[in-house]
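Asks: What follows is a single structure, and I will ask about it in a moment.
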Amino acid sequence: MTQNPKRYTITAALPYTNGPIHIGHLAGVYVPADIYSRYLRLQGKDVAFICGSDEHGVAISMKAKKEGVTPQEVIDKYDGIIRKSFADFGISFNNYSRTSAKIHHDTASEFFRTLYDKGDFIEEVTEQLYDAKANQFLADRFVVGTCPKCDNPEAYGDQCEKCGSTLNATDLINPKSTITGETPILKETKHWFLPLDRYSDFLTKWILEGHKNDWKPNVYGQVKSWIDGGLEPRAVTRDLDWGIDVPVEGAEGKKLYVWFDAPIGYISSTKEWAAREGKDWEPYWKDEETKLVHFIGKDNIVFHCIIFPAMLKAEGSYILPDNVPANEFLNLEGNKLSTSKNWAVWLHEYLEEFPDKQDVLRYALTSNAPETKDNDFTWKDFQARNNNELVAIFGNFVNRVVVLTNKYYDGVIPTPNEFTEIDEQTLAELKAYPAVISSSVERYRFREALGELMNVARLGNKYLADEEPWKVMKDNPERVKTQMYVALQIAAALSVLAEPFLPFTAAKLSKILNLGDLKEHFEGFSKFLKERHQDANDIIIDKTLGWNDISENSDLIPAGHKIGEAELLFAKIEDEEIQKQIDKLEATKTANIAENQKAEPQKDLIQFEDFAKMDIRIGTILEAEKMPKANKLLVLKVDTGIDVRTIVSGIAESFSPEEIIGKRVSVLANLAPRALRGVESQGMILMTTNAEGKLVFVNPDADAPNGATVN
């Protein structure tokens, strides 16, 4: 663990440009990384918060083929969407680059050449899967088959998304090409491999011995499992037509493997930022007094904790990550998030449909963050978090303080009189919160830290509820001056402590309190007010108060200062807004079922005479009742136009008797009678299933009379 670092390099996993950003990405990576970076800046730390678009690899080529465009058009489209979404959502990157940039191609090529020239790669001719019909090798997601570890029949050539195992394409059982559907053959090809087995002792000492107590159990456990299972050489090149050329002779038609190329994107993005800011990039990656932290999802643990560190170690001049606080997965309404199935809450759509509610989503995702286990996002929980917590606790406290200050003192903060024991206890408790929240943030427990932030608002609400200044004002207005002064100190503290978690709210609260007018007052406070930080998204962080000022000063907002009028920080979200989102997901679910529903194979051929033997009539259900002691059966009286007959039908789990009386149906009238539970059934009701797999009646769309035949 890096002690007292001079600077921080914070990386967030490069989002893949084959689709927009969804809430799973935010909860797993970008919101916690942003909280951490903003927190460090509030302490005046030197922070480089780095990210960029991951634009190479098989998934990009597949997306381009599917959309009938070039890979460049695909990455340009999604890089634009992703970049704008992050900016609008307030993710405060110092630099957001892209791996298609020249600086990245140069950096990745140079990194490869360094290891190549040092003899760190194994050059080997191996047999790889090849699609003879498409005339190309099948890397990664160009092939699908059964996972050898969990029997998932839809595992990819690089990873099984069901069990999380990292695979080679040749590991798959019964592989199929995703290009043509053909069974691939094995064909020889030359590639370069990073011999991970050579780094097993280094990784064991560095991680298993050195980070046993400070890395998250889910990360440590997965890494230990990999190391204990025995590390093997890992390919760093691929037979592809999209990506970074392998920069050595004899490598024509080969590209750098995306998981060799992508993490180097952190370095090239840092170079890009440093060049723009007139800084030296190397200390952020090569100085032992720099703390390097990778924020990722659990599916990237092996790459950031084993492969990339082995690459850095092999190169020889880079520092290693101090921590990799990977999160588990976020599910949506009980189901796994899926870009391909459109089962997601897309960030760009959320920002359009919930304008000015960036912080509500940040709050909901952090409150329910999958820090140690998979968690579930539901729209009802999102609504409850907003209405019952942000509105009722945080917003309610601030609104009461500002309204009362304007009502009693025309917005001018009163001079306090003598503090009571309750006042002093409340202010002392307030001063303790920065350290409490810091402890959680610095251990990457952001959900816990957010809970402590809300406890600050609860402290304010409790103080007002116990002191009741609106009642005291009648008999002791001098006492109310002190009460309001104390409450305003809590509000001022919230404007700082909320900034990492709820940056838009913090900025709005700072504006309401007119903290920008207090620079002279804060001259004796932290040096941070003299610094102005501007990130790549043009989000200005211009705080007049630093994090530690709350613990060190009692007059965060002084007597005589005039605040602004009250504005609602949060608005209640109505049921109709939430139902609209739930309906949207239900429509997606129905569409997915319809798309994935495969028709049953055609039955053996019959002669026309065989069909002509069936007497199918239109009828109407006159009566319906449940069959005693039979959960699946209904006893129906049906007018077939020929007669009224009894038919026993196995539809009780799909329909109640009441809802089908009067229903028009198709009846196989000349089916031989059959006794079911002692009741003779004289025919069969024809049914099918809809896109959701539910039983539905086969009935005429025109007004055919009972007894009409189906020919």
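Quick reminder: no glycine exception, Cβ is built from N, Cα and C everywhere.
From Swiss-Prot, here are the annotated features:
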type	residues	note
BINDING	CYS147, CYS150, CYS160, CYS163	Zn(2+) binding site
BINDING	THR339	ATP binding site
DOMAIN	610-711	domain 'tRNA-binding'
MOTIF	15-25	motif ''HIGH' region'
MOTIF	336-340	motif ''KMSKS' region'
Asks: Below 8 angstroms Cβ to Cβ, which residues of this chain, lying six or more residues outside the motif ''KMSKS' region' (336-340), approach it?
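Replies: Beyond its ends, the motif ''KMSKS' region' (336-340) has Cβ neighbours at 18-19, 22-24, 329-330.
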Asks: Based on DSSP, tally up the residues of the domain 'tRNA-binding' (610-711) by helix, strand and coil.
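Replies: Going by DSSP assignments, the domain 'tRNA-binding' (610-711) contains 7 helix, 43 strand, 52 coil.
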Asks: The motif ''HIGH' region' (15-25): which same-chain residues, six or more beyond its ends, come within Cβ distance under 8 Å?
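Replies: Same-chain contacts beyond the flanks: 51, 53-55, 57, 59-60, 62-63, 74-75, 77-79, 81-82, 85-86, 98, 297, 329-330, 332, 337, 339, 344-348, 350, 361, 365, 377.
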Asks: Give the helix, strand or coil assignment DSSP yields for CYS150 (Zn(2+) binding site).
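Replies: In three-state terms, CYS150 (Zn(2+) binding site) counts as coil.
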Asks: Return only the integer: C-alpha distance in Å from CYS163 (Zn(2+) binding site) to the residue listed as 'ATP binding site'.
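Replies: Each residue's Cα considered, CYS163 (Zn(2+) binding site) and the residue listed as 'ATP binding site' end up 18 Å apart.
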Asks: Take the motif ''KMSKS' region' (336-340) and count its residues per DSSP category (helix H/G/I, strand E/B, coil), listing them in that order.
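Replies: Counting residues per DSSP class in the motif ''KMSKS' region' (336-340), I get 0 helix, 2 strand, 3 coil.
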Asks: For the motif ''KMSKS' region' (336-340), report the average pLDDT of the model, please.
Replies: 85
Asks: Express the distance between the Cα positions of CYS160 (Zn(2+) binding site) and THR339 (ATP binding site) as a whole number of Å.
Replies: 16
Asks: Return the residues near CYS150 (Zn(2+) binding site) by Cβ distance under 8 Å, restricted to its own chain and a separation of at least 6 in sequence.
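Replies: Those within reach of CYS150 (Zn(2+) binding site), by Cβ under 8 Å and sequence separation of 6 or more, are CYS160, LYS162, CYS163, SER165.
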Asks: For THR339 (ATP binding site) and CYS147 (Zn(2+) binding site), determine the Cα separation and express it in whole Å.
Replies: 21
Asks: I need the least crowded one of these binding-site residues (CYS147, CYS160, CYS163, THR339), counting other C-beta atoms within 10 angstroms of each C-beta.
Replies: CYS163
Asks: Tally the residues of the motif ''HIGH' region' (15-25) by DSSP class, grouping H, G and I as helix, E and B as strand, and everything else as coil.
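Replies: Split by secondary structure, the motif ''HIGH' region' (15-25) comes out as 3 helix, 2 strand, 6 coil.
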Asks: According to DSSP, does CYS160 (Zn(2+) binding site) fall in a helix, a strand, or coil?
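Replies: Note: CYS160 (Zn(2+) binding site) is coil by DSSP, not helix or strand.
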Asks: Cβ within 8 angstroms of the Cβ centroid of CYS147, CYS150, CYS160, CYS163: which residues besides those meet this for the Zn(2+) site?
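Replies: Output for this site, in sequence order: PRO148, LYS149, ASP151, ASN152, ALA155, GLU161, LYS162, GLY164, SER165.
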